[in-house]
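Engineer: I'd like to ask you about the structure that follows.
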Amino acid sequence: MLLKRKAMNADILPAFHEGHAAPLIQILTWLFFAFSMLAVIAQFATKRATSRRLVGADFVLLAALVLSAGQAATLLSSAGQPIGNLQAGLSPDQIDGAWKALYGSEILSVLTIVAAKGSLLISLGSVTPIARHQMMMRATGVLTLLWGLSAILLFAFQCPSPQRWNITNPKCIDIRAVRTYNTVMSIATDLALAIVPTLMVLPLQITSEKRLTLVTGFWSRIVVVFASAAQIGYIRSLPLQSDLLHSIWRIVVCGQVAQVTSIMTTTIPFLKPFIMSLDSGLWSANHAGVATTSSYASACRSGHLSSYVKITSQQSRDPLVVKGDKGIDIWVQKDIAVKREPSIELRDIGGDWQNM
């Protein structure tokens, strides 16, 4: 009896095997969406714990999460469940529905990643007043928007009407070229989102430990690059003449990994350990807005960095008290610019203002 049961079990294929990859896609889709949701909740909780108000970047990140939910829904729907399985045994309607689900999933994935990157760009652009940094942020933002728009158009119109979702049609644009372009541009913008913030952090007069913390937070985005690089490898080796509905499952999984890591790495620089380091370098606390413009030419000539600090009070309060590097008390009225060498580290003194 036992031997017979073992023989019967040997004939039963596992839920996930070489010709049946759909369960893996379904499980990972649920798991990755849960990770994305937890990351966004963590950022919002950090804002609340540090008494920070929600800004435009937070709502853009929330939009990315909503788009991610829509993208997950397309893969988890009954139409998307055959993606990753062999076409043998599937009806023509099931195959057509799977291509429709994949079509919607790829477009929503691009929108999700663009929104996640846009959230980070808006956040970083709001904390640096240095013209060079703002210019780099704008350039990265324009590149991200152009890539997102072009990728959506390519995915939407890669195949002729009326079945624009049927990528098995030989009249379609080369599906490998479309997906390679999309992934390469995603890598380029990810690298820019790591390099530009690093250039912002390096000149700051903060401790090496805080600088390393910030750089690590920004370069955590390299995980997205690795996922995208793996996706390119699978795209280039995709056999177009084979069972495409099954063969594409590795590309789908890599795309899911790139999407979830893009959302998670967007939130990392704004979790508490990183936001505390940003406070001492780029941001003042809640009640004062601080903008710093650095003279790089002066730094090259004199060997030290000259900083121009403009303090703008956001509330109708008494003058701020700023303590200099040598124990000198400086009273600064609203919209007064202060020039010091080296740059002054500004801190918000909560409660009643007092002389230090």
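Glycine is treated like the rest: Cβ placed from N, Cα and C.
As annotated in TrEMBL:
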- 44-275: domain 'Rhodopsin' (DOMAIN)
- 20-42: transmembrane segment (TRANSMEM)
- 54-76: transmembrane segment (TRANSMEM)
- 107-127: transmembrane segment (TRANSMEM)
- 139-157: transmembrane segment (TRANSMEM)
- 184-206: transmembrane segment (TRANSMEM)
- 218-236: transmembrane segment (TRANSMEM)
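Relative to the rest of the structure, where do these features sit?
Structural biologist: Tertiary proximity for the transmembrane segment (139-157) is limited to same-chain residues at least six positions away from its ends with a CB under 8 Å from its CB atoms, namely 103, 106-107, 110-111, 113-114, 117-118, 121, 125, 164, 173, 178, 181-182, 185-186, 188-189, 192-193, 196.
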Engineer: Would you mind listing the long-range same-chain contacts of the transmembrane segment (218-236), meaning Cβ under 8 Å and 6+ residues beyond its ends?
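Structural biologist: Hits for the transmembrane segment (218-236): 176, 179-180, 183-184, 186-187, 190-191, 193-194, 197-198, 201, 250-251, 254-255, 257-258, 261-262, 265, 268-269.
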Engineer: Give the mean pLDDT for the domain 'Rhodopsin' (44-275) on the 0 to 100 scale.
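Structural biologist: Reported value for the domain 'Rhodopsin' (44-275) is a mean pLDDT of 91.
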